[in-house]
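Data block below; observations after.
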Amino acid sequence: MVSNSNTWRPFYNLYNTDTKTNDFDHDCFHSPITETNHIDDVEYIVEQIVEYCIRTSLKEIIDVNEKSISSKLTFDELKKNNITSTDLMQWSSPIDLIERYEYFLQINTSSSAEVFYNCTPPWFGSICQYRFVLNQSFSSFIQMRIDEREFFDNKTTVTCYIHMKCSNHSFLTCLDWREICDGKVNCFDDGEDEKYCAELELNQCEENEYQCRNGMCVNIDFVSDENLSWHTDFSPECLDGSDESYSRSLIECGRDSSFICEDVLCKQYTDFNCGNGNCYDVSERPAFVHCTNYRDKEINYVFDWNNPMDTRYPLCFKIVMCVSYPFFWGDDFDKYCKNFCNNQEECQIHTVKNCPSAFIAPTFPIWDGHVRFGYFSNSTSIKYFGYEPDFVCYNKDLCPFLIPTFTFDNYTCLHTEQLNLTLMDNIYKTFRGCIQLFQNTNDITCFNPTAVRCLGTNKCIPKHRIMDGFPDCYNAFDESIAANSCALNDKHRFQCPDEQKCLSPALVNDGWKDCINGIDETTASDVVATIHHLLFSSFCNGVVEIVPIENETDENDCEEWPCINQYTLCNGQWNCPKGDDEINCSSSFQCPANHHPCLSPKSRKMDCLHINRIEDGNIDCLGSTDERSYCRLQHPIEFLKRYRCWNDTTCTSITDACDRCDKSNEFDQICDKTTDKYRDIKNYLDNIDSFGKTRKQPFCHKSSLSFPPAQSPLPVHKQIQNDMIKTEKMSTVKQNNDSRLWLCNKGFVILVGKNETEQCLCPETYYGDLCQYQNQRVSLTIRLRQENLKNINVIGIIIRLVDYTGFVHSYEQMTYKSIISCNWKYNMHLLYQNRPKDMTKNYTIYIDAYDKVKLAYHTSWIFPVQFLFMPVNRMSLQLIIPAQQDCYLLCSDKYLKSLTNDNMQSCRCLNWVNSFSTIQHKCDCSSDSMCIGFKGNRSICLCSLNKTGPRCYLNSLCQMNNTCINNGICVPHDYRQSSINFTCVCPDGFSGEFCEKTDVRIDISFSNVEAPQSLFVHFINVLSSNDRSKTLDPARITMFKKILFNQKTISFNMPQSFHLVFVEFDHMYYFIILQHEHRSSVVFSTQISQSQRCRYIQEVLDKDKLGYSPLRRVKYYHDICQNHSDLTCFHDNYTFMCLCTEQRQANCFHFNFTMTYDCKGRNDCQHDGQCFQDDPHCAKQKMCVCQECFYGDK
């Protein structure tokens, strides 16, 4: 008997349980990883689905626990009991079985004798053979991994790449895939890990591609697309991360299976690779474990310290450490050194008597297979290992430019003092020049035109490595001006304006000044290079925020600038010289009117000081907080130095005051953190210009009155209840100390059979019984854009990894929702059928697009997989979906005929007559889906929007409960993510979660202004101060409208949010709408009149001031509003569009007056026509404006 209990229990619906189709990777769960960020009011999403499967070739006979099976029923018995496929889904049945049962119900010709095993909770599986350690949902285990990602135990597994013969130095570790082509030899027998890497190094990229440091190419649109200082949870497209300026130090990868951990290399060549996605600087103290999987124990000499079998570090090395290393003082000396000697003096005597005068430690090469560290027994220097070896030994044939000092044990060596090698980083920089990426036999030129010869050596490096921040040549020649980086003519590089240095994009805004004036760090340092990037709120605020231009800055000539304005009033910083902008503001310090808080040097308490005593030349407050101009003038751009020591001329930071000031003059309130009032006083002192650095204030439009009033709202459908979209119930997993939970490397343990044998579910990147082996794979990122979004499209994308015979090794599929998904990136792993992959075959990525609404073929792309010697082939693709069906590639000789299907016949390829039906396999997709092809014996099915499942036999939520209105299209979520969620794709004119909202309509009429033949409409969206943004400037969208003869009113809809609207025609601008908060589903009726015209500054500013430089001229813009009481707006036709506020002050934002209307570089208008679209990336409307004598849509 079958019963459906009301008690909630987790669903365990396994995929790929049919072992006939997949013997190696089977019994799988899926976990979606979605990273969402809002930047410039735009949603950016990175999506990945991780597949956790049993990935081992070991065959095990499962002794099923009979108690795990509640009952066994045939399909016929299930049908008689009115059991539905939905019931089986809730009873944790495998998806394959559920679809077979649904097929049986629909066709009624399949086997009615097939057996369904009804499992007793918490067991699941095709024969109830599995259970988890805890009775929780799989999503709960994922959440537990996130919550406890920093929890590790001694069972953590070190993973290995075993598909390359490699003899390394250590029994403690093995080769990691990230060590292949990392620029240094890790396989000491024949350097197998670096043997074929010249092919990658000398790779050449296309015009629209950026070359990563390791040689691979990515689409230029991916470069710096996630480069924000606050953003760490992302994945670069270059394996080495050279397409982004970022730091990954905050990311813990020990339990993370996302691309940011699995598909990146260590960025710095001095980093130690932990083998799990984490890296750390080898110059850090190795006596501590930095890798959570203990992979760094090979160079951690404390590890296995007391094991006599460990020969990595000789006894004399350990004794010398006990003598000189301060880590071994106190209790640690007893722990590590008492086995050798009773105290440091005794250890030193032992060293002199029993140790050789010099020795090598460790016994293996520390760098590139030949560089070794050496120590003298009588050395008295403190040896933080990795900081100060006494000498270095190396292969003189690889480093002929170095002059050795002596030989030791047949090694060529030199003293570290000889080259001033006092830091590990310096040592690596020196010997980095020895690495022979590809040997050059010509002393003058390199054999390849894409390479350049290092000065003074025979080493050659790829030209793209010049000025990239990583010294590859001896004496860092490639990072010097002499390397002539600007001769590369690389349009992606940043040229320093005052010197011949052209920087790699990875060096721009990376936190280090590479240009003389630091102009390459304008974003990172908050100092901008030009007025076009300087916010209006930054002028005359007391802080220099622009690189001086002919001795002018934003803080010169501020006499007529009102220091009290909407951006400075009560912002917590002194923007007026005497702090007038902070007088009478709310504060935790209760001061009377016209007083500032002051830490009195007499009473040693917080007090208040009248504004008349501010900047009077006498210091009345500790830190000189009443005389702030002194430190500002002494250190105008060193923002931290704003605290002046008492009775001294020294300016320092608050945090350094106790160390740099005379302590006898500074008070306990500053330096004694135990005093009751320390926190209040420190908070007060911290506000000395907030360490001198004013928080940037984005443009705010609310100081002007809104107009016109919004008219009667458009009809809006009744709000649909939020419970129409369900979410999967997830229980909370409390911290559990069961070590079995962490047995599998980045995987999950399940218990199998009566004996509850431990088995691992591994992500795609690993395999083995403990997920201990690293998988060969293609790591693919796809971003899709569509040429024309006016017509609603839902595109099904099929991605196949294929060899030259047409055999499909693996495939993925995804659904692209026009308008919604255009700022999404999709990460996926494609695996090879065999391990290791067959290196004699060529592999190709086939990508096919289908219209999921019409179930029709649309277009295809083909990309070869390059550099097969790489374990991980990282590919990043940006694909443009054409507006119409494109059969060119499909009908060409490049597309293998064996990969076609009947759905492609609409292309009518003349040379492929009768070739579409040559597939010999029997397709088992549902009749209302598309059979794309086969992987092995399993059909690759593309479902309609009403169906879901691998074979498309299950009804989707859109079929059962479509709640999209106004002709919106219901798109179910990927069945591997959720079977109970969907998205509505709305037609033009509608928006909202269910397409229930109507777009804003704008009606424009003309009053005393002659209507033009056409006009531009500029929509300005003001970002809030809380928005994450690459720029604090408002976002702009420009539309083009044609006006018919005698037409007096024009109307149009606007789907995007906006706050300001300007109309432009005949080189004049009119300000027609201002709304403080964006409102949807309303109508604005406005008019264009002369009173709304934004005047050009030539009309409203006197001639003398017009002659000033743009940087100086802006400082008189407030005068324009004050002198013209009827003015609502003006512009300078250079960089600023300005409003006049209610207080008659100017309020300006950057406006591009010379914008190129080319639809973000995708202008398909002909004969120099201009291209307009209503969104910079996800345009619903696109229009061509023709030059004279031309007409037509394009």
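FYI, residue positions are counted from 1 along the chain as it appears here.
Note that Cβ sites are derived from N, Cα and C of the backbone, with glycine treated the same way.
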Cross-link partner of C995 (disulfide, per TrEMBL) out of C970, C986: C986
Record TrEMBL, residue C570, disulfide partner from C540, C585, C591, C598: C585
Which of C585, C995, the listed disulfide-bonded residues, has fewest other Cβ atoms within 10 Å: C585
Secondary structure tally of the domain 'EGF-like' (954-996) (DSSP, helix then strand then coil): 4 helix, 12 strand, 27 coil
Chain-internal residues, separated by at least six, CB under 8 A from C205 (disulfide bond): Q211, C217
Listed disulfide-bonded residues (C217, C558), ranked by Cβ neighbours within 10 Å, top entry: C217
CB within-chain contacts under 8 A for C570 (disulfide bond), separation at least 6: D581, E582, C585, S586
Which listed residue (C576, C986) has most other Cβ within 10 Å, given these are disulfide-bonded residues: C986
Inter-residue Cα distance where the pair is C986 (disulfide bond) and C558 (disulfide bond), in Å: 51
Secondary-structure category, per DSSP, in which C217 (disulfide bond) falls: strand
Between C986 (disulfide bond) and C576 (disulfide bond), the C-alpha gap once rounded to whole angstrom: 51
